[in-house]
Amino acid sequence: MKKPFHHQAGFTLVEMMIVLMIISILLLVALPSMTKNNEVAGDKGCEATVKLLQTQVHAYEIDHDRLPTNLDALKREGYVEHTECPNGKKLTLRNGVVAISE
């Protein structure tokens, strides 16, 4: 004997619209905080890069008895691989001090 076919109703168009509206509202609330967190992470990454480069400037000075003329000298000599921040900000070296370019 066959089982009777039970008709299961799906979502109506109105129900789907309500679900999509709720998801959209949740995204509108969540996206700004995620964007802010990305900016904070980028700034922290830049601060860490500055500290790393400053340490390598001191190592260069110890090895060569003079300060490097620019950050590219650190890269050429193999002290670092990158001389810019992860968030794209440029860095400069003046009188042995690494700083973020304005």
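FYI, residue positions are counted from 1 along the chain as it appears here.
Using the three backbone atoms N, Cα and C, a Cβ is placed for every residue, glycine included.
According to Swiss-Prot, the features are:
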- C46-C85: disulfide bond (DISULFID)
- F11: N-methylphenylalanine (MOD_RES)
- 9-34: region 'May be involved in polymerization of ComGC' (REGION)
- 11-31: transmembrane segment (TRANSMEM)
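Between C85 (disulfide bond) and F11 (N-methylphenylalanine), the C-alpha separation comes to 49 Å. Non-local neighbourhood of C46 (disulfide bond): C85, P86, N87, K89, I100, each in the same chain, at least six residues away, with C-beta under 8 Å from its C-beta. The recorded positions F11, C85 differ in how many other CB atoms lie within 10 Å of their CB, and the one with the most is C85. The predicted model assigns the region 'May be involved in polymerization of ComGC' (9-34) a mean pLDDT of 84.
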